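Here TrEMBL flags Asn13, Trp14, Lys15, Gly176, Ser215, Gly236, Gly237 as substrate binding site. The feature active site, electrophile is assigned by TrEMBL to His100. According to TrEMBL, the active site, proton acceptor annotation covers Glu170.
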Amino acid sequence: MSNAARKPLIAGNWKMNGLGASAPEFVRIVGAYQGSLKNVVDIMVFPPATLLTSFATSTRGAGVIVGAQDCHPAPSGAHTGDISAEMIADAGGKAVIVGHSERRAEHGETDAIVRAKAEAALRAGLVAVICVGETEEDRDAGKAFEVVERQLEGSVPNAARAKTVVVAYEPVWAIGTGVTPTVEEVAEMHGRIRRALQARFGAEGEGMRILYGGSVKPDNAAELLRAGNVDGALVGGASLKADDFLAIAQAARG
Ligand SMILES: O=C[C@H](O)COP(=O)(O)O
């Protein structure tokens, strides 16, 4: 299956950024999406949880998917400060990021925890965007493929299907640094991820979208998105400005 058989997906992760005053940026994304983009690219936006409901309300009917940046594995309970996948769905969210490297590093999330969170997402009817990626140390030690394949094996649930799971490859050393792997390096890693997904999930693994993330900007998006098995991007910093994010979405048109 070529890239063209999978609808591109551009996802914006706002991380811990955004106040009520940021809503107009999102409204501009929704407006532009309804114009020319809707038929050629899927768009997801992951605002902080405080903005989830208002963004979900403003996108209703427009097709931009809104999601959360994390969820707890349990549906409810005594877990102060956490939110469950069911709560995200109740708030109008349709997707959730799990296993982002910032959560793995800052909150000690293991592959088993990430998998439990992805399973919670599927239980609640959300799309799980499961992040994997090696550190600079891993890459320098020649262990990038091994690390990413181990994360995939440990983090992706057995129930994963093409419509319910998206994999995001984000080399940790490329996040927020302005440094990216070469297009060849991205294609090589995405090819490895594709083969691992196919080996485990067959045709469903062939259809699963694999996003690249890490310093994607309007000026490098087109070449990164042309690489083999790159089905879209998970964008951090450049997703905070509607113009930049929409320029990246335009680049996904091919
Ligand atoms: O989730 C998004 C990624 O961590 C990429 O962030 P960045 O585009 O700011 O490098």
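Note: Cβ is positioned from N, Cα and C throughout, glycine not excepted.
Structure coloured by features recorded in TrEMBL.
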{"residue": "Asn13", "record": "substrate binding site", "DSSP class": "strand"}
{"residue": "His100", "record": "active site, electrophile", "DSSP class": "coil"}
{"residue": "Glu170", "record": "active site, proton acceptor", "DSSP class": "coil"}
{"residue": "Gly176", "record": "substrate binding site", "DSSP class": "coil"}
{"residue": "Ser215", "record": "substrate binding site", "DSSP class": "coil"}
{"residue": "Gly236", "record": "substrate binding site", "DSSP class": "coil"}
Set of same-chain residues at least 6 away whose C-beta sits under 8 angstroms from Lys15 (substrate binding site): Pro48, Gln69, Glu102, Gly236
Where the C-beta lies under 6 angstroms from ligand 1, the matching binding-site residues among Trp14, Lys15, Gly236: Gly236
Densest Cβ neighbourhood among Asn13, His100, Glu170, Gly236, Gly237 (recorded positions), 10 Å radius: His100
Rounded Cα separation (Å) that holds between the residue listed as 'active site, electrophile' and Gly237 (substrate binding site): 15
Whole-number Å value for how far Glu170 (active site, proton acceptor) lies from Asn13 (substrate binding site) (Cα to Cα): 12
Nearest-integer angstrom distance between the alpha carbons (Cα) of Gly176 (substrate binding site) and Glu170 (active site, proton acceptor): 11
Spatial neighbours, same chain, of Ser215 (substrate binding site) - Cβ under 8 Å, 6+ residues apart: Ala174, Ile175, Gly176, Thr177, Gly178, Val179, Thr180, Gly237
